[in-house]
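Per TrEMBL, the feature domain 'Aspartate/glutamate/uridylate kinase' maps to 9-243. Annotation comment: TrEMBL describes 14, 177, 178, 219, 220, 221, 222, 223, 224, 225 as ATP binding site. The substrate binding site annotation in TrEMBL covers 54, 141, 157.
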Ligand code: ADP
């Protein structure tokens with residue numbers, strides 16, 4: 001099963017705030033720099049990569065020197081607006097070091113519901129990839145709030161990354177988090193938890209194993225990651241969840257090494273539909 005990852009050409013990488021920021025609220029430049037180098041190297045090898053990056057609010061808080069995340073939605077949207085451009089500035093600089101240009105793609109959930117919007121998004125991704133740029137995706141926080149008649153919010157970037165993988169028909173989604181993989185219970189609370197190397201389907205029993213989120217900046221915990229995995233499995237796509245503290249892990253994954261948790265359908269299940 002792992003061997004098949006060597007053939008993956010189109011790859012979505014999702015990076016969580018806990019990978020991009022230190023617990024103290026500062027930006028983890030070393031990890032971001034390494035991430036940019038690894039993705040640039042994958043492009044050099046001929047792979048196609050799309051980055052889904054969280055971090056706008058965290059980076060915005062740093063930029064505005066706020067010690068804690070404000071509570072109201074307009075405040076969070078304003079901070080995200082500041083943080084998003086700051087984050088793109090950092091990515092642009094670091095990818096630029098390795099000869100790559102980045103393109104910002106901000107999405108709202110309604111793109112999945114309206115066929116013309118959906119096609120426009122797909123066209124943009126295709127063109128960015130053809131141009132050799134690195135698309136960097138986030139939710140459009142200015143527009144996306146919970147509404148009843150017009151659903152604009154993905155809610156979390158885990159789900160967004162699986163939707164992006166679906167839109168661009170990626171072979172693989174690599175989800176970088178602050179944990180080595182999916183365990184039979186939350187390892188932060190139970191140190192004797194054991195990690196799954198492979199999961200072939202998401203059942204109610206799987207969902208019961210997901211505990212709370214890991215860090216102050218963490219977003220959805222394991223539940224949103226399992227929801228993303230479920231969408232990938234439905235689309236016969238693969239997902240690997242692993243720790244993003246050393247982005248070199250991406251090389252190991254696409255060399256077929258057994259790192260993190262691989263979510264993939266069994267071959268026979270794909271054949272039986
Ligand atoms: P991110 O910011 O990367 O999206 P989150 O904090 O949202 O990260 O989610 C990762 C956290 O989920 C882990 O640090 C861990 O504490 C928690 N978690 C809960 N249940 C599990 C489980 N069964 N296996 C692994 N991690 C779990």
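Cβ atoms here come from the backbone N, Cα and C positions, even for glycine.
TrEMBL feature annotations superimposed on the structure.
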residue	record	DSSP (3 states)
14	ATP binding site	strand
54	substrate binding site	coil
141	substrate binding site	coil
157	substrate binding site	helix
178	ATP binding site	coil
222	ATP binding site	helix
Margin query: Counting across all protein chains present, how many other Cβ atoms fall within 10 Å of the Cβ of residue 178 (ATP binding site)?
Written below: 18
Next item on the list: Please go through the binding-site residues 14, 54, 141, 178, 222, 224 one by one and keep those whose C-beta falls under 6 A from any atom of ligand 1; give the result in sequence order.
Entry: 178, 222
Notebook entry, point to check: If you count Cβ atoms within 10 Å of the Cβ of residue 157 (substrate binding site), leaving out that atom itself, what do you get?
Noted result: 27
Notebook entry, point to check: residue 14 (ATP binding site) to residue 141 (substrate binding site): how many Å between their Cα atoms?
Noted result: 17
Notebook entry, point to check: Any idea which of the binding-site residues 54, 224 has the thinnest Cβ neighbourhood at 10 Å?
Noted result: 224
Notebook entry, point to check: Could you give the maximum C-alpha to C-alpha distance in Å for the residues 54, 141, 157 that bind substrate per the record?
Noted result: 11
Item checked: Spatial neighbour of residue 141 (substrate binding site) that is closest, considering only the binding-site residues 178, 222, 224 and their CA atoms -> 224
